[in-house]
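As structure tokens, the structure follows; a few thoughts come after it.
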Amino acid sequence: MGGTSSKLPKDLLSEYQELTFLTKQEILLAHKIFSELQGGENGPYSSRVSMQKILTLPELKANPFRKRLCHVFSTSDMKDGSLNFEDFLDLLSAFSDTATLEIKSHYAFRIFDFDDDGTLDARDLEKLVNCLTGETDDTRLTAEEMRQLISNILEESDIDKDGTVNLSEFQHVISRSPDFVSSFKIVL
Amino acid sequence: ELTKDILVIPGKSELVSDLVNLSAGARFQAIRSLPMSFNERKTVRLTSFIIIHLCNISDNDTFYLNLNLYLSQQEQSELSRQHLIIWQDTLKEIGGRFGTSVLSYFLFLKWLLQFNLFSFIINFCFITIPQIVHAPNISSTTGFRGLELLTGVGYFNQTVLFYGGYNGEVIVSKPAYNMQLAYFFTIAAYLKDLVFFLLLLSMSRSFQKNFVLETGPVSGGAWRLLCSWDFSVVNEKAIQYNKNNLAIQLKESLSERLQEKNKMSLSDRIKHLSLHLLAWLLSLGLAIGSGAGIYFLGTDPELAFSFSHNPNNLRAEASTLLLPVVVSLINLIVPLLYSLISKIESYSNPRAKIYISIIRNVILKMSILGILCFYWLNFVPNSISCWESFVGQSVYRLLIIDFIFCLLGIFFGEFLRNVIGTMCIQSLGVPEFDIARNVLDLIYAQTLAWIGIYFSPLLPVMQVLKLFIIFYLKKISLSLNCQPPKHIGRAAQIQTVFIAILFFPSFVGVLSMVAYTVWSLEPSNQCGPFQGLKTPFHTIFNWTASIQNFPESNWVWWIFENILRSELFYYLISLIVLVITYFLWQITQGRKQLIKTLREQIVNVSAEIIRTTL
């Protein structure tokens, strides 16, 4: 807030354009929004924004995966989900219009991998389904339905039959869902 | 600091060496697609640049020059991607609240708008402007009254809006502009080349993307449902709504899977089959009945021609509106009857239900249009003097009345239904935005516009205005009245189906109708650019005969006479296309088999690995 409206220098702007899938307008808009988020922090030049502040953005506020998003894209050593501007751009780039299927499916896999062990096992899948189906009692799946659903999912996607879905199997099953690319989008 | 970053690289040396071998544009794209954090990508990029420029002894200036060149190319391609950037914010808002499948309706509308604008510009430049500028004044016999806007006759009769307003003369200018040829070639080029290739390209592209080879264990659709979670929805209530829907759909798909395992008894199956048969008979009966009704109404001599015999009678003019109103009423009521009929059937698959209802509606609309075309091409040319203008005016009336009914439909169908659903009968609930019905209405109107383009070259401008107004009204009605559709997912496949519908019955039908008109029907003698010719196609004969006299354009005539007019050429072409299709189909079959074998191999290998590690 106030006088220090930092403008993005031109060489940084071209670097961001080159390394992400975002257009110039998108990067400038992201910079503006990120500066506003930063403005309220302890110091005007602390480069990381805490997770709580990021989650006040309207685009992320109601997203069921908001905490996972911050954790996946954060490069902070303290593993607290705080993002600097480049992490923020990474997030927007993965969710942009022109990002490739490989990038989107890679990050989708990491987001769905709740215990960060590199594979989607039955517990990750259960958490995923619960995340997406709501918390009220009448919409939650019963234990029996959950068991049945997870076994259906594994039957469909676990090609090497080891009981978990690894990255390649996930990317394979995603490539057969034509709706994925168009729904895996967040626009500022 | 630079060296410290490079030292981190060793694990990625293979990656960098791959990148170095690509062209600049492909390298940038590949670096962007790396699933690493920003700083790691930066390091990779720097390393690959350094390696490239160590190999080519070039100085720093060309390095930065290349970078700037690439970036400016990027910006230019961004600009060209933003053709028609109107409505960008509106579309984002709609997508945020209602999801991508409702957004696809609005994107389709915008696409049609661009299309019509483009065709209007072509027609206007090549046909209308020469006519207005050079041709003699064609005075109108009656003054302007308000009814013209609806019926298209009277004042509009001899204007450039319709076929009759065009002259077939060769305009004396440098170079001479042959109006007949211009009319013919503009319409032919527009319909055949642009529309054909555009539709074919977009259809094949989306077909390839969306109907991928379905092999492997038959998916219950669980992953599809989970992966189609719409991240672009930001409204909290909408997200909650989507979550509830997803839960319901997951439960439905689970129960379907269980049901598949329990086989149905024979008597149940016979019952279901007979219900399906009954429903189909009823639907087809309704479609045929509507077609017959329209035909009899149209050929009623008192109704059809009372206006042409008494051009100044206001009542006769108003009676020309009867046919369009009846057609629009049929288009409104019969789909509702179809949805009632489909309630008596039970479907194993909700997707099958959507597809079957789409097919029935398409059959209805195409049969109506087919009957109208039959009437226009067989009945009208023998009975009216300037019959092309008459057909053009009929199409104009149909489009206007369809537009008015669309407005009424928004008001009654959505606004009143919302009021009734929330205030009076609580159980009905808020109306759902029915994407299928709305898209089919758009396709129907566009087919009418394509039919009319030969008879009324400026018809696209009406479509443009219409689509513009409909966009805003639908958006307002959506925000005030509707809720998002319940069955999410499969939006991309349904979109492919819609484009396929646009192409096959719609466009091919129009093409054959215009081809028939141009090839075999005799143009009217009193008006229009093709007066006096035996068929409009004879302009081409005359033109090729005239250039036969010029030795340097002899090759055009040779190509025309010996290739385009000989049947052997088309026979050979069809044979070649069939053979290629057969080969490609065989390749697809072979690939399916290969995929199956590979899957089995993967399972075997992983079982082997587990066995040897134990």
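Keep in mind that glycine also has a Cβ here, set from the backbone N, Cα and C atoms.
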So which range, B:111-133, B:456-478, gets flagged transmembrane segment in TrEMBL?
B:111-133
Checking distant contacts: for the transmembrane segment (B:394-412), what same-chain residues at least six beyond its ends satisfy Cβ-Cβ under 8 A?
149-152, 161-162, 320-321, 323-325, 327-329, 331-332, 372, 376, 441, 444-445, 448-449, 451-452, 455-456, 459, 462-463, 466, 469-470, 473-474, 477
Any chance the transmembrane segment (B:181-201) and the transmembrane segment (B:568-585) have 3 or more Cβ pairs under 8 A, given the pairs are 6 or more apart in sequence?
no
Cβ contacts under 8 Å made by the transmembrane segment (B:362-379) with residues that lie 6+ beyond its boundaries:
283-284, 286-288, 290-292, 294-295, 298-299, 327, 330-331, 334-335, 338, 391, 394, 398, 440, 443-444, 447-448, 451, 501, 505-506, 509, 513, 516-517, 521
For the transmembrane segment (B:494-519), what are the same-chain contacts with Cβ under 8 Å, counting residues 6+ beyond its ends?
101, 104, 108, 184, 187-188, 191-192, 195-196, 199-200, 202-203, 206-207, 209-211, 354-355, 358, 362, 366, 369-370, 373, 377, 435-436, 439-440, 443, 446-447, 450-451, 454, 535-537
Below 8 angstroms Cβ to Cβ, which residues of this chain, lying six or more residues outside the transmembrane segment (B:273-298), approach it?
304, 322-323, 326-327, 330, 334, 337-338, 341-342, 344-346, 360, 363-364, 367-368, 370-372, 374-375, 379
Across the domain 'TMC' (B:386-492), what is the average pLDDT of the model, as a whole number?
81
